[in-house]
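As recorded in TrEMBL, the features of this protein are as follows:
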BINDING   Arg75  pyridoxal 5'-phosphate binding site
BINDING   Arg97, Ser98, Gln105, Arg313  substrate binding site
BINDING   Arg271, Arg395, Lys460  tRNA binding site
MOD_RES   Lys284  N6-(pyridoxal phosphate)lysine
Amino acid sequence: MNAENCSLAEKIVSSSYVQQGAQARRARENLVRQLFEQKKCPEIGWDDMSIELLLQELAVMDSNNFPGNCGVGEREARIASRLVANRHYNIGHGIGRSGDITAIQPKAAGSSLLNKLTNSMVLDIIKTAGVQSAASAFVVPMATGMSLVLCMLTLKQQRPDARYVLWPRIDQKSCFKSMVTAGFKPIVIENKLEGDELRTDISAIELKVQELGAKNILCVMTTTSCFAPRVPDRIEEVAQLCAKLEVPHLINNAYGVQSSKCMHLIQQGSRIGRIDAFVQSTDKNFMVPVGGSVIAGFDKKFIEEIGKAYPGRASGTPSMDLFITLLSLGVKGYQQLLKERKEMYKYLSAELTKCAEAHGETLLHIPHNPISMAMSLRTIPSELATQLGSMLFTRFVSGTRVVATGELKTVQGYTFHGFGSHTDNYPCTYLTAAGSVGMTKNDVDLFVKRLHKVLERCKKTGAAETLEEDTIET
């Protein structure tokens, strides 16, 4: 309410009451002013009413919400369902323009403000999380795999002769499919087994570059966040190698923002070598619905080129989800989530160690993976081990993976031996679990309790009997 309306309101109710309300309103307006001035994630999270007030004010700046608006084009943010309109706070124009996903829309000043502010806030969070020298970042309404495709197609414009992507093996379908979908030939670099860990073979990457020729290689695609027993790639060494050989370096940082170790690797790699872009998921790192990712990098111009490579406008939903979440959490709230994640990782590791020892198993020694861990399943008959994951799932345990040795799987025409274990012949079958952001002590306790029960029944009875007889315990 502006000053004139407040003055008029004082003729209806007590002046002191109106002034008190106006003062409260100014406090919320000051939050908006600071956000617009600083273009950073607020230190302290906002209350829901302040966030909704801003969303409503952004919505009235879009043409579809103008009083008396007459839209005669084919794309006027017309929304048939009131439920859908309410879900999106009447913001319906999406983000970007046909030539650039980060561009401002003339019809949608409010949507454009939301998009620009979200990109600024997520860059601030990336710096806070450990990559201080990141120069640019933007939210893309695609999950990590398709965002990697966008990055590779942008690199292709700079390297028209390139045909290959060197890929230290990570048995996760979307990142592998991204290379094939983008039209490139993946060159799989097998990992080296060091103790229980699978680590990057730097010399094999260098030899392959020399064999194929640097100009024929689009990039090296490394990975930070990954399922144990694989650990984050040797980002610093790869970055140095890429700088020396003049080969681009793309990082799949899917859920690495939540790990200070992963972010430190990226920061150090950029400092001493070459990193062209790194991509991270919004849902895994910021606890929003699936559908978005963040592309970031150290050369602002190159990140802008990636944005321009996106064809057409885009959904604004992932940006809005992240906008609301970052305002709600604030920097301190997100830092608290990261602190709690580290604590839960340690707690999960301790409890899983106890469980493993109670059943004659071991928690594999994987010190370089800061999120995922693995427990051996050497004492479980092979015909039961492969069913262990589904047995846990029927008991409402999600997110675990049981990986048996020797499994063959074909992905996009490429056959992998031992798929899931990131190597042809890992020494044992194992089960993974992750200490990721948002996990609670109750999650760990229930998981370990149900795992105990499943392991006991696997040893006493057959898998079929276990599935039929067991009941869910909450």
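Using the three backbone atoms N, Cα and C, a Cβ is placed for every residue, glycine included.
Because the structure is a prediction, the values reported are computed rather than measured.
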Problem set entry | Densest Cβ neighbourhood among Arg75, Arg313 (binding-site residues), 10 Å radius | Arg313
Problem set entry | Max CA-CA distance, Å, over listed tRNA-binding residues Arg271, Arg395, Lys460 | 55
Seminar exercise, completed: Counting Cβ atoms within 10 Å of each Cβ, the densest environment among the binding-site residues Arg271, Arg395 belongs to Arg395
Problem set entry | Euclidean distance between Cα atoms of Gln105 (substrate binding site) and Arg75 (pyridoxal 5'-phosphate binding site), Å | 12
For this session: Select one residue from Arg97, Lys284, Lys460: among these recorded positions, choose the one with the most other Cβ atoms within 10 Å of its Cβ.
Result: Lys284
Seminar exercise, completed: Widest Cα pair spacing in Å over the listed substrate contacts Arg97, Ser98, Gln105, Arg313 is 10
Exercise. So for Gln105 (substrate binding site), how many other CB atoms are inside 10 Å of its CB?
Worked result: 19
For this session: Please name which of the recorded positions listed here, Arg271, Lys284, Arg395, Lys460, is nearest in space to Gln105 (substrate binding site), Cα against Cα.
Result: Lys284
Problem set entry | Residue pair Arg313 (substrate binding site), Lys284 (N6-(pyridoxal phosphate)lysine) - Cα distance, angstrom, rounded | 24
Seminar exercise, completed: For Arg271 (tRNA binding site), the closest of the recorded positions by C-alpha position, picking from Arg97, Ser98, Lys284, is Lys284
For this session: Measuring CB to CB from Ser98 (substrate binding site), give everything in the same chain under 8 Å that is also at least six residues away in sequence.
Result: Pro311, Gly312, Arg313
